[in-house]
Amino acid sequence: MHTPKHAIQRISKEEMEFFEGRCERMGEADETMWGTKWCGSGNEATDISELGYWSNLDSCCRTHDHCDNIPSGQTKYGLTNEGKYTMMNCKCETAFEQCLRNVTGGMEGPAAGFVRKTYFDLYGNGCYNVQCPSQRRLARSEECPDGVATYTGEAGYGAWAINKLNG
């Protein structure tokens, strides 16, 4: 593909730094999806009970954000997350997908569909399953003190590409 000469403009180093800074700030500002406090790479909530305009969708994201996970670079259940993104327990991923499918009505339903497609089909970081060898679980909890995790592998092209390029 050839770019026409009239579409190319030389700019100064200062102008380039201005535009680079602007792009970086845009990325920081867009960490959560409009209408939500929890859907995205961060959260904007001041406390656990705060939800955005699309409260049903936001509730799904909030629950998912507080689910069992292994942050990038950390080890849990004998499994080290060497990827760029947080790795989630497969039970959490299943519950998150079902929650998003249950969000219907108005514009909130299509927004939940967008989150679901983006998260699972594009991002698709994969997840882990925990086996509890002793079959002994802590009282009133699903935690397994001697659990061992196995990774399912990336499910979406985006996560696969990012993890390969950064690894």
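Glycine is treated like the rest: Cβ placed from N, Cα and C.
Summarising the annotation, Swiss-Prot assigns active site to His64. The Ca(2+) binding site annotation in Swiss-Prot covers Trp38, Gly40, Gly42, Asp65 and is backed by similarity to another entry. Swiss-Prot lists Cys39-Cys61, Cys60-Cys99, Cys67-Cys92, Cys90-Cys127 with the feature disulfide bond. The N-linked glycosylation site annotation in Swiss-Prot covers Asn102.
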Of Trp38, His64, Cys127, i.e. the recorded positions, those within 10 Å of Cys92 (disulfide bond) when Cα atoms are compared: His64, Cys127
Disulfide-bonded residues compared (Cys67, Cys92, Cys99, Cys127) - the one with the fewest other Cβ atoms within 10 Å: Cys67
Minimum Cα separation from Asn102 (N-linked glycosylation site), reported as the residue among recorded positions Trp38, Gly40, Gly42, Cys60, Cys90 that achieves it: Cys60
Which same-chain residues, if any, lie at least 6 apart from Gly42 (Ca(2+) binding site) yet have Cβ under 8 Å of it: Glu31, Thr32
Pairwise CA distance, Cys67 (disulfide bond) versus Cys61 (disulfide bond), rounded so that it is a whole Å: 10
Nearest-integer angstrom distance between the alpha carbons (Cα) of Gly40 (Ca(2+) binding site) and Cys90 (disulfide bond): 19
Nearest-integer angstrom distance between the alpha carbons (Cα) of Cys61 (disulfide bond) and Cys99 (disulfide bond): 9
